[in-house]
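According to TrEMBL, the feature compositional bias 'Polar residues' maps to 7-16. The annotation region 'Disordered' is assigned in TrEMBL to 1-35. As annotated by TrEMBL, transmembrane segment applies to 39-57, 77-96, 108-126, 132-153, 165-185, 197-217, 240-265, 277-295, 302-323, 329-351, 363-382, 394-415.
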Amino acid sequence: MILEVQWAQTPSSTTDPDPEKLVDPAPKSKTPPDGGRQAWLHVFLGHMVFFNTWGVTNSYGTFQQYYTETLGVGPSGVSWIGAVPMFLLFFVGVGAGRASDAGYFRHTFTAGVILEVAGVVAASFAKTYWQILLSQGVCLGLGGGLMFTSGLSVTSSYFQRKRNFAVGLAAAGAATGGMVYPATVSSLLGTSLGYPWTMRVVALIMLVTNIPGLLLYRQFNPKGSVGPLVDWTAFTQKPFVFFSLAFFLHSSGLWCAFFYLGLFARERLDLASTQNLVIVLNGVGVVGRTLPNLLGERVVGIMNMSIFLSIVCAACILAWPAISSVTGLYVWIVVYGIFAGGMQSVLPALATQQCDDPHKIGTWTGMVLTIASFGGLSGSPIQGLLIQTMDGSYLGAQMYAGAAVVAGCLCLIACRQAKVGWTTVWARI
């Protein structure tokens, strides 16, 4: 018999009965509809947010290869251009989530769209490494961070029982964006348009696909309570602490293939054309970003699903050095793309479930993402440095990524144990 366990466990805040001490009391939370036209519309809008944030980040392997060949900078230096946006996607989460909770979602989201598009346009005029780092790295990352956390918190606030599945459908946008953007970049870079106009086309795609969110996003609970930027009570919850550490470690290891797969295939397997690798890696992730959330929600529990996905991802990364043929590489890409896509989907879904108060979802989610941001910032540059110091060998980077995911998996297991203990092995959580 499967024991069902509710994931979110936020201690209820006590209210002072003295009305003079109630400066700005929080309004009573409405029950999320868990469906309906408006709720599913916001799943689509969340899909487009993932499309334009993580879809862009997952596409960076195309730029990693191009910049390494044209800027005269080593893999570690070039990887900072992709690592900084990943870091900022997470790091600005506390501020963006809190602003969204306080009723400033519209301002936060709009500023994010403007910064993101402006960053790509500025990159189209860049001539040096530092100009590209500031535009495609810092500006794009700041915009994406403002969009991602605020959009995720609003979309998830429309769901409670079906939240995992809804966030999974939204997260599939990272896969569709991860196909559209690499295909666009790889098909245009080699033409007469060149790098400048390729980036301007990318900026146009971003602007057009963000218009629905600018026009249609609506907060389910528009007025939040006035509270601190960081809710320190979250750190008294062992599951929250272990999960935050798990997210940090996975962020450090999961994206190694998304950054270095093209270079690995060209340098180690003599594969002349590597443009399709990132597209396939992201494309198969559509399955991984939807099916695990559905099975986790209805069958085994989303926490149990995340542990299973993490184990498979770790095994795939540790097996990566054994690949010696193009056929084997594509088989590996399909398997890893599905399970890594699932991991990238269930982690944000679990992040939104750390808190059951709709007015604090943005704050708690932002706290988790901010902690995870340092894993995203450090992982790829460290892997690039290992490649350089080992004279082009990818073994060190692969082992580092695999070890990070293994450690993250152990933290997920510890998180589960802190939640239900060792006696409830078959608990659905």
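Cβ coordinates come from backbone N, Cα and C, glycine included.
Remember, it's a predicted structure, so these values are computed and weren't measured experimentally.
Highest Cβ pair count under 8 Å relative to the transmembrane segment (363-382), across stretches 77-96, 240-265, 329-351: 77-96. In this chain, the transmembrane segment (394-415) lies out of contact with the transmembrane segment (197-217); the count of Cβ pairs under 8 Å, excluding pairs fewer than 6 apart in sequence, is fewer than 3. Residues 53-54, 56-57, 60, 63-64, 67-68, 71, 108, 112, 129, 132-133, 136-138, 140-142, 144-146, 148-150, 229-230, 251, 255, 259, 362-363, 365-374, 376-381, 383-384 of the same chain sit 6 or more residues outside the transmembrane segment (77-96) yet have a Cβ under 8 Å from a Cβ within it. Of the candidate ranges 132-153, 240-265, 302-323, 329-351, 394-415, 132-153 contributes the most Cβ pairs within a distance under 8 Å of the transmembrane segment (108-126). The stretches the transmembrane segment (165-185) and the transmembrane segment (394-415) do not meet in space: the count of Cβ pairs below 8 angstroms, excluding pairs fewer than 6 apart in sequence, stays at fewer than three. Most Cβ pairs within less than 8 Å of the transmembrane segment (240-265), among stretches 132-153, 329-351, 394-415, belong to 394-415.
Packing against the transmembrane segment (132-153) from elsewhere in the chain are residues 45-46, 49-50, 52-54, 56-57, 63, 67, 71, 80-82, 84-93, 96-97, 99-101, 105, 108-109, 111-120, 122-123, 126, 167, 170, 210, 213, 217, 348, 352, 361-362, 365-366, 369: each is 6 or more residues past its ends and has a CB under 8 Å from a CB in it.
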